[in-house]
Amino acid sequence: MEGKWVGVALALLAATMNATGINLQRLAKRRASMRLALLGVLLSTGCGLVDVASFAFAPQSFLAPFGALSLLVNLLLAPTLHGDAVRPLDLVATALVVCGVALCLANHSVAPRDWSLTQLRQLPYGHAFHAWLAVQAALLCVGGGWLLHAPSRPSAAPCFALVAGLLGGCTVLSAKFAGELAAAGAPLHDLALPGAGVGLFAAAQLLVLNQGVGRHSSLVVVPVFVATFVCANAIGGGLFFEEFAAFTPEQRRSYLQGAAIIAVGNVCLSFRTPDVKDQPGEGEKKQL
């Protein structure tokens, strides 16, 4: 029981680091400050490591919804760092996220599971997980194709967020799988593929997200990214590690409803009108 709350604390820390890192990158964009940009990137990168560490203490589908709480941190940081006004839509979206997280947690009762090496080797062959892979591949093809076609159009902003969020979910799942394999005493050749996936997916996610924040308002990119990341994290982990199979039909339905409410709350913020001050001012000089 204590381990579960350690996982919760780490998940909350990761959500805080994520929101802080993205806000610093937004501030760096406006001030053209390389130092702020570097600090923001470091926090965003470190967030992934803390996130992965949290899954050693509790199931992935239990901790994933806490990632949406970065929206609450963003709601506190945005007025302080950028002078954003807190609008009614922000409060509605935040309430939706809190309700969605509460619904997910109230319908989760799966305890951490100890896996044998033989069981872990069979996990990538699950039919439900293959269906989820097909859905992700289709979304990545559609979103990636649009980004290659018109990356600067306003409609590309949610595509950047969608692609980055899906890649983030793949990063966490690969890292969790590699950690479970290592704990089960897997040989190096079993660790090679998920280990390579962690580095590849993490680098691609950071690149796509930075490109999105650099070309478009973070008020659009960040909420859609958070919604996609949380849902990909929860669904991917729940299917791959067979956590949803232990749910009752009512738990499964309520959990998915909670995830949908979280997604709606985050996507609501993408309808905000970007502030003019989000764009770099002509009179601002580069700070080193």
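Just so you know, the numbers here start at 1 and follow the chain as drawn.
Note that Cβ sites are derived from N, Cα and C of the backbone, with glycine treated the same way.
What TrEMBL says about a protein is an automatic prediction, not a curated fact.
The transmembrane segment annotation in TrEMBL covers 6-24 (among others). A Cβ distance under 8 Å defines the sequence-distant neighbours of the transmembrane segment (6-24), meaning residues of its chain 6+ beyond its ends; these are 36-37, 39-48, 50-51, 53-58, 62-63, 66-71, 73-74, 77-78, 81-82, 209, 213, 218, 222, 226.
As annotated by TrEMBL, transmembrane segment applies to 36-56 (among others).
Away from its own ends, the transmembrane segment (62-79) comes close to residues 4, 7-8, 11-12, 14-16, 18-20, 22-23, 51, 54-55, 85-86, 90, 93-94, 97-98, 100-101, 104-105, 108, 110, 222-223, 226-227, 229-230, 233-234, 237, 258-259, 262, 265-266, 269 of its chain (Cβ-Cβ under 8 Å, at least six residues beyond either end). For 62-79 (among others), the entry in TrEMBL reads transmembrane segment.
According to TrEMBL, the feature transmembrane segment maps to 91-109 (among others).
For the transmembrane segment (129-148), the list of distant contacts is 123, 155-156, 159-160, 162-163, 166-167, 169-170, 208, 232, 235-236, 239-240: same-chain residues at least six beyond its ends, Cβ to Cβ under 8 Å. What TrEMBL records for 129-148 (among others) is transmembrane segment.
Listed as Cβ neighbours of the transmembrane segment (160-179) (distance under 8 Å, sequence separation of 6 or more from its ends, same chain) are residues 48, 51-52, 55-56, 60, 120, 123, 136, 139-140, 143-144, 147, 151, 191, 194-195, 197-198, 201-202, 204-205, 208-209, 211-212, 215-216, 220-229, 231-233, 235-237, 240-241. If you look up TrEMBL, you'll see 160-179 (among others) marked as transmembrane segment.
Within the same chain, residues 22, 41, 44-45, 48, 147, 160-161, 163-164, 167-168, 170-171, 174-175, 177-178, 181-182, 221, 225 sit at least 6 positions outside the transmembrane segment (191-209) and bring their C-beta atoms closer than 8 Å to a C-beta of that stretch. Among the features that TrEMBL reports, transmembrane segment is placed at 191-209 (among others).
The transmembrane segment annotation in TrEMBL covers 221-241 (among others).
Long-range Cβ contacts of the transmembrane segment (91-109) within its own chain (Cβ-Cβ under 8 Å, at least 6 residues beyond either end) map to 59, 61-62, 65-66, 68-69, 71-72, 75, 223, 234, 247, 250-251, 254-255, 257-266, 268-269.
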